[in-house]
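Copied from TrEMBL, the annotated features are:
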- GLY101, ARG106, LEU157, GLN158, GLN173: S-adenosyl-L-methionine binding site (BINDING)
Amino acid sequence: MEVNGLDSDGRQFKNAGEMWREQIGEEGEGEQQQQHKKTQWYREGISYWEGVEASVDGVLGGFGTVNEADINGSEAFLQTLLSDRFPNAGKNQHLVALDCGSGIGRITKNLLIRYFNEVDLLEPVSHFLDAARESLAPENHVVSDMHKAVNFFCVPLQEFTPDTGKYDVIWVQWCIGHLTDDDFVSFFKRAKVGLKPGGFFVLKENIARTGFVLDKQDRSITRSDLYFKELFSRCGLHVYKSKDQKGLPEELFAVKMYALTTEMPKRVHKTRSKVQANRPCIIK
């Protein structure tokens, strides 16, 4: 990956390879030492979140006020995708979603459970998942008998493999930055098998203006749009639609939503061109 970047201390890297070699080792170090560094990378990331309160403000890094804008942006994007991909949704089609990096169930509770008959939650931090289970219990949160949270998996993304052909939508938000590039690719390759015909991923993430930014505190990497698209290509995924999130504080990273499919999007002849001039652009 020939993109330069920096870490949260301001140190610059010539490319992503240099950064990853430092963080998780390189081939010449020996397999055991590499595995130790990689295990340490993931352990420190989990440890960071284990020290965070299981609340909206906690999981949003002290910016709980962005919850409403985030959910509204996601809902508008999801509605467009469902009408495109599943025109019979809500009539006679039983829809199932997977919420990856679900945290306390914020996205499931405020969005996914209203559009999907079943939602499974995947979260490696146990006290977050306990809070989600309580919040989404039938006695505490009932949309209807036809919409419910079903499974609560306490498993990290890099170790999870979904059941074959189970999900219409796999939602991945504010968590993929904890995965190394190789684990990013292997996760999506495994997860593709979990999609039903016509199913798709939604990836919603912070976006670096260029290259990448390594956060040494929580062991995560914020990637640029170009960086993401190179990884999508390695995964065998195609960008079906994308959209910038609006209405977030200027001091935060820009946030982008990608709908990803396993098949190449069909080309549509446009009668007039559309120029997108605006995009969020703040980085730390």
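Note: Cβ is positioned from N, Cα and C throughout, glycine not excepted.
All features noted in TrEMBL, drawn onto the structure.
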residue: GLY101; record: S-adenosyl-L-methionine binding site; Cβ contacts under 8 Å, 6 or more apart: LEU122, GLU123, LEU157, VAL172, GLN173, TRP174, CYS175, ILE176
residue: ARG106; record: S-adenosyl-L-methionine binding site; Cβ contacts under 8 Å, 6 or more apart: VAL56, VAL59, LEU60, ASN67
residue: GLN158; record: S-adenosyl-L-methionine binding site; Cβ contacts under 8 Å, 6 or more apart: TYR42, LEU179, ASP183, SER186, PHE187
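Within 10 Å of the C-beta of GLN173 (S-adenosyl-L-methionine binding site) we count 20 further C-beta atoms, all protein chains included. Other Cβ atoms within 10 Å of the Cβ of LEU157 (S-adenosyl-L-methionine binding site) number 23 in total over all chains.
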